Amino acid sequence: MDAFKTHLATVASGAALSREQARAAFDDLLSGEVTPIQAGAFLTALSVRGESEDEIVGAVSAMRARMLPVTAPTGAIDIVGTGGDHSGSYNVSTLAAILTAACGVSVAKHGNRAATSRSGAADVLVALGVKIGLPPEALARCLSEAGLCFMFAQTHHGAMRHVAPVRTELPFRTIFNMLGPLSNPAGVTAQVFGVSRPAWAEPLTRVLATLGSRRVWTVHGSDGLDEITTTGPTAVIALEDGALSHFTIDPREVGLPLATLDDLRGGDPDHNAAALSAVLEGARSAYRDIAVLNAGAGLVVAGAAGTLAEGVARAQGAIDSGAARATLARLVAVSNA
């Protein structure tokens, strides 16, 4: 543990670790060989200074090396966010994932139970009847038969148990809040990736590029949502074959009305499951609008739509045809088989 103490002294001094040093430090953290006091001091020092891109790359590499992997079809994507926007919005990315899968794109959704909201992806899917915590072979079957799977973070990142008590004791978010969304167990290389802090957007996009992602839209709503919002514009950093570009999405430009944050607010898992089901049954609402907007982005990132407007139209069609409702029904059936 002398090496970890050296890394701890480095970050405590305000200096940054190299990519290799960060990988070694997080290997130690995730192995359970670091004391709680050392772990807390290390995570606090990183948070106070702000994590460098090399430190994040090293940390993600350590996470990915320990995760339980899932085999996914070529071209599978994820729609995921860092969380932590404290908006209380309903499960936008979960519904967007269902709509995207209903349009023929494999979605390997990675998520967890609620951290700062009342209902995380895992919570609402359980309320809808989906069995979570499945082994990799069952998840591969979900992808094959339903076009969609849900990879429960606690199942795939067991090493996180070593730092969970320390994270619970710290009254602020740490680097681990961004590591989960960057560590998809299916190894997808295309993502719609929401961030709750605008300062994270470009660095984390570059991190994904360094780690092999091919096509990414990193999004942050003007209202703070870690989604493409319908209350106003959303800033997007797009990664395409190693190059980054910046643009803004206005929902009105793809035929969707503006909403308020109150319109998008959710509740507990049962409330959100009922709202999601209503959208799949054809209900017109702000919930539907933001879901088709984010699904449209997923289709563009997957290469299944040439423009956002085309993607939104396809997502609308998946609801109206009943394909999205059928996709969820298949996921429920296959996950419980």
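Cβ atoms are placed via backbone N, Cα and C, with glycine included.
Here the structure is a predicted model, which means the values were calculated and not measured.
So that you can see what the record holds, here are the features copied from Swiss-Prot:
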type    : residues                                    : note
BINDING : Gly81, Asn112                               : anthranilate 1 binding site
BINDING : Gly81, 84-85, Ser89, 91-94, 109-117, Ala121 : 5-phospho-alpha-D-ribose 1-diphosphate binding site
BINDING : Ser93, Glu227                               : Mg(2+) 1 binding site
BINDING : Arg167                                      : anthranilate 2 binding site
BINDING : Asp226, Glu227                              : Mg(2+) 2 binding site
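Taking the features listed in Swiss-Prot, we show where each one sits on the structure.
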| residue | record | DSSP class |
| --- | --- | --- |
| Gly81 | anthranilate 1 binding site | strand |
| Ser89 | 5-phospho-alpha-D-ribose 1-diphosphate binding site | strand |
| His110 | 5-phospho-alpha-D-ribose 1-diphosphate binding site | strand |
| Arg167 | anthranilate 2 binding site | helix |
| Asp226 | Mg(2+) 2 binding site | coil |
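In this structure, the binding-site residues Ser93, Arg167 were compared by how many other Cβ atoms lie within 10 Å of their Cβ, and the smallest count belongs to Arg167. Fewest other C-beta atoms within 10 angstroms, among the binding-site residues His110, Arg113, are seen around Arg113. Under a cutoff of 8 A between CB atoms, and with a sequence separation of 6+ in the same chain, the neighbours of Gly81 (anthranilate 1 binding site) are Ser93, Pro181, Phe193, Gly194, Val195, Ser196, Asp226, Glu227.
Geometry remark: Ser89 (5-phospho-alpha-D-ribose 1-diphosphate binding site) versus Asn112 (anthranilate 1 binding site), CA distance 16 Å. Over all protein chains present, the Cβ of Glu227 (Mg(2+) 1 binding site) has 27 other Cβ atoms lying within 10 Å.
Ser89 (5-phospho-alpha-D-ribose 1-diphosphate binding site): 25 other CB atoms within 10 A of its CB, across all protein chains. Take the binding-site residues Asn112, Asp226: by the count of other Cβ atoms within 10 Å of each Cβ, the lowest one is Asn112. For Arg113 (5-phospho-alpha-D-ribose 1-diphosphate binding site) paired with the residue listed as 'anthranilate 2 binding site', the C-alpha to C-alpha distance reads 15 Å.
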